[in-house]
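Noted in Swiss-Prot for the protein shown:
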type: BINDING; residues: HIS73, ASP107, GLU170; note: Zn(2+) 1 binding site
type: ACT_SITE; residues: ASP75; note: active site
type: BINDING; residues: ASP107, GLU142, HIS356; note: Zn(2+) 2 binding site
type: ACT_SITE; residues: GLU141; note: active site, proton acceptor
Amino acid sequence: MTAPADLSPTLQLACDLIRRPSVTPVDADCQTVMMQRLGDAGFKLEPMRIEDVDNFWATHGTREGPVLCFAGHTDVVPTGPVQDWQNDPFDALIDEHGMLCGRGAADMKGSLAAMLVAAERFVADHPDHKGSVAFLITSDEEGPAHHGTKAVVERLAARNERLDWCIVGEPSSTTLVGDVVKNGRRGSLGAKLTVRGKQGHVAYPHLAKNPIHLATPALAELAAEHWDNGNDFFPPTSFQISNLNSGTGATNVIPGDLVAVFNFRFSTESTVEGLQQRVAAILDKHELDWHVDWALSGLPFLTEPGALLDAVSSSIKSVTGRDTKASTSGGTSDGRFIATLGTQVVELGPVNATIHQVNERILASDLDVLTEIYYQTLVKLLA
């Protein structure tokens, strides 16, 4: 069934946003809708279009006192085969089971709607609140993420903007809304390793150097290496090879080089420099002719128990009756950029069971629960 007009304000806004096909980095006027609502609520608006990416920064309150920022993204991943969906992925339907179906329902237009409605209600109820309520919204989270939150944070840092606490609306929950929040993320360090050999005929191996044979022991050692033990907040650092390419396709040619793509998801117990040095030592130990191109996607960050995590946890408890679990599992998020400002960052959003899948969906009523959790958190920190 199509979402009826008598839905809650949060669900009405969520459906409006989902119906806008904002496949990364296209915003499809989602931010126009959000800025109009925030402007009407008295927020100061600052659009920041950077290259082909739409972003905005919005604030309500004074420069004196703490700042609580809601952060999120309007872009979504591609739908995949439309014919495999139970409905058009941009129709925003609520089915007979009460599930809100559509691309972005969980990741993360539902959260955006809940944040905005909670903030509207809070500034109406507490017009003279402490500090500031802020929004940092981008259309470049699901893509390269070069001109989105990262670029906005760089601008905010350059002018010494204060940002004490941040709630990122990523879908953190696993079974029930609020059962898990993310209080940190592992770092992500990628690499493209090239091992050079010498091309030749398979019948004359003495005239060639097979990079597959040469590199295999080193790759096996890298895969077996114990990088660290993790800690109370993070599991041990992991190393995974994702791609191996070598050869011409012919059966009688020894290849001239091998390319391996691998990734570290690393804890706060390891550093970028330390991991790079240990990789180099292993490759040199095996006397390889090698080169590595490194790509750092993000450093690990952690928000330890304190004002933000306490406020979020107690709000979840008061609204749902549930105790929440703080976790650092999963991939990277834009929280990694915001944390560089020294900000306490917590991710809290809907159930993530169907994110990036065909028939992405969440329980529609969860968005009203999420709205109340966000509202109560605002009250605890800024009222």
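Backbone N, Cα and C define each Cβ position, glycine as well.
Features as recorded by Swiss-Prot, highlighted on the structure.
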residue	record	CB count, 10 Å
HIS73	Zn(2+) 1 binding site	33
ASP75	active site	26
ASP107	Zn(2+) 1 binding site	27
GLU141	active site, proton acceptor	28
GLU142	Zn(2+) 2 binding site	22
GLU170	Zn(2+) 1 binding site	28
HIS356	Zn(2+) 2 binding site	14
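A separation of roughly 7 Å, to the nearest angstrom, links the Cα atoms of GLU142 (Zn(2+) 2 binding site) and ASP75 (active site). Cβ proximity to the Zn(2+) 2 site centre (mean Cβ of ASP107, GLU142, HIS356, cutoff 8 Å) flags the following additional same-chain residues: VAL76, VAL77, GLY104, MET108, ILE355.
Using the Cβ center of HIS73, ASP107, GLU170 for Zn(2+) 1, the list of other same-chain residues with Cβ within 8 Å runs, in sequence order, GLY72, MET108, SER111, GLU141, GLU142, VAL168, GLY169, PRO171, SER333, GLY349, ILE355. Cα to Cα, ASP75 (active site) and the residue listed as 'active site, proton acceptor' are separated by 7 Å. Here GLU141 (active site, proton acceptor) is positioned 6 angstrom away from HIS73 (Zn(2+) 1 binding site), judged by their C-alpha atoms. Distances between the Cα of HIS356 (Zn(2+) 2 binding site) and those of the recorded positions ASP107, GLU141, GLU170 are shortest for ASP107. A Cα-Cα distance of 11 Å separates the residue listed as 'active site, proton acceptor' from ASP107 (Zn(2+) 1 binding site).
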